[in-house]
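Beneath this line is the structure, given in structure tokens, with notes to follow.
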Amino acid sequence: MAQQNLLLLPGDGIGTEIMAEVEKLIAHLNASGQSDFATDTGLVGGSAYDAHGVAISEEDMAKALAADAVLFGAVGGPKWDDVPYEVRPEAGLLRLRKDMGLFANLRPAICYPALADGSSLKREVVEGLDILIVRELTGGVYFGEPKEIHDLGNGQKRAIDTQVYETYEIERIARVAFDLAKTRDNRVHSSEKRNVMKSGVLWHEVVSAIHANEYKDVQLDHILADNCAMQLVRNPKQFDVIVTDNLFGDILSDAAAMLTGSLGMLPSASLGAPDATTGKRKALYEPVHGSAPDISGQGMANPIAMIASFAMALRYSFEMVELADKVEGAIASVLDEGLRTGDIMQDGCKKVSTSEMGDAIIAKL
Ligand code: NAI
Ligand code: MG
């Protein structure tokens with residue numbers, strides 16, 4: 001087994017507590033011959049600011065660029081509310097995304113049967129749900145120029161944001177979505193608003209062309225983003241992979257995520273372009289949730305989103321699909337046995353701490 005290189009960036013708040021569970025898990029997998037990971041650890045966010053006055057040091061940034069994959073915990077909190085804008089904790093994550101060229105954000109929404117009653121929707125609508133939203137992360141209206149506010153001088157102002165997409169940006173995100181669909185249920189919904197947006201017209205045209213030329217064997221449907229939002233709430237199981245732009249993806253992925261119940265359960269991945277020689281993509285894996293300052297340092301955090309993010313790294317960066325299945329299966333089985341951290345607690349279940357949850361998952365492996 002070739003040695004794999006992982007950089008751990010726990011961050012601050014509960015980031016350090018949940019990353020500790022992944023470290024235990026990796027140590028177990030290495031010791032039992034199921035993996036051969038070499039891990040290194042760096043500082044990001046509040047922890048980097050406290051140590052070096054930056055959001056991430058150049059040394060740790062270089063480590064992130066050299067690693068086979070980065071696992072990121074969480075950053076932020078009231079302690080750093082007053083630090084300068086460029087070195088605030090969130091700047092560390094933005095720098096990583098930018099310098100690693102992470103343009104594809106993968107947000108799975110999986111509803112574990114044991115937690116289906118925690119959803120705001122009926123059990124039959126969400127039980128067994130397994131969808132993947134692929135959001136374009138580096139283009140669109142969040143970054144397009146011009147982006148400004150003008151004073152019109154008559155007591156009025158005008159604010160402008162600009163949605164910009166070029167062909168190559170749509171092509172590369174479409175390829176990520178189609179490739180992922182092939183490993184799943186082989187279906188993609190592409191979502192935009194071509195009825196009112198030029199960028200939606202181009203999006204539709206480019207995704208259709210990539211499909212016709214390279215992925216005819218994958219089923220492609222186009223869906224307007226507002227209808228997609230409705231369908232996600234009405235009948236989410238009709239979807240397999242949804243590919244969409246930065247803005248719609250931000251909103252649709254948060255909506256889809258909440259169908260499953262808890263923030264503490266949700267992993268994500270961000271991928272870059274394939275390397276010209278090795279074909280490997282730069283990748284960062286992180287829970288969807290933040291640093292949860294309200295519960296940090298108390299052993300209450302749910303480590304499952306972080307552990308499930310590590311499982312995504314196994315699947316997408318290391319092609320260790322069987323081990324990824326095994327880790328996800330271990331999560332499902334501890335939930336079936338009724339173990340719960342506070343955030344997902346239900347009547348008749350056993351409340352456990354962060355480390356007890358981690359230990360129970362490891363015991364299944
Ligand atoms: P949050 O996700 O940290 O917390 C929201 C609520 O969910 C809190 O009540 C928290 O206790 C709970 N929660 C979150 N993760 C949990 C877990 N694993 N187990 C149990 N309960 C959990 O979002 P919030 O409160 O809006 O932000 C807190 C800080 O985190 C802010 O500084 C924010 O900027 C930062 N943040 C960082 C992100 C990142 O590092 N990628 C993402 C989102 C927020
Ligand atoms: Mg969001």
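Heads up, the Cβ atoms here are built off N, Cα and C, so glycines get one too.
The feature domain 'Isopropylmalate dehydrogenase-like' is assigned by TrEMBL to 5-361.
Classification of D81 (NAD(+) binding site) by DSSP places it in coil, neither helical nor stranded. Within 10 Å of the Cβ of D81 (NAD(+) binding site) there are 9 other Cβ atoms, across all protein chains. For 77-90, 290-302, the entry in TrEMBL reads NAD(+) binding site.
Look at R107 (substrate binding site): DSSP puts it in a strand. Around the Cβ of R107 (substrate binding site), a 10 Å sphere holds 23 further Cβ atoms from the protein chains shown. Among the features that TrEMBL reports, substrate binding site is placed at R97, R107, R135, D226.
Per TrEMBL, site 'Important for catalysis' is recorded for Y142 (among others). DSSP gives Y142 (site 'Important for catalysis') a helix state.
Under the heading site 'Important for catalysis', TrEMBL lists K193 (among others). DSSP assigns K193 (site 'Important for catalysis') to coil in the three-state reduction, placing it in neither a helix nor a strand.
Residues or ranges marked as Mg(2+) binding site by TrEMBL: D226, D250, D254. Cβ environment of D254 (Mg(2+) binding site): no same-chain residue six or more positions apart lies under 8 Å away.
Of all the binding-site residues listed (G77, P89), G77 has the fewest other CB atoms within 10 A of its CB. Closest in space to R135 (substrate binding site), of the recorded positions given as G77, K193, D250, S296, is D250, taking the CA atom of each residue. Put simply, of the binding-site residues R97, R107, D226, D250, the one whose Cα is nearest the Cα of M300 (NAD(+) binding site) is R107. In this structure, the C-alpha atom of D226 (substrate binding site) lies 31 angstrom from that of A292 (NAD(+) binding site). Neighbour counts were taken as the number of other C-beta atoms within 10 angstroms of each residue's C-beta; across the binding-site residues A292, M300, the minimum falls on M300. For K193 (site 'Important for catalysis'), the nearest of the binding-site residues D81, P89, D250 in terms of C-alpha separation is D250. Using the Cβ center of D226, D250, D254 for Mg(2+), the list of other same-chain residues with Cβ within 8 Å runs, in sequence order, A225, A229, L247, F248, G249, I251, L252, S253, A255.
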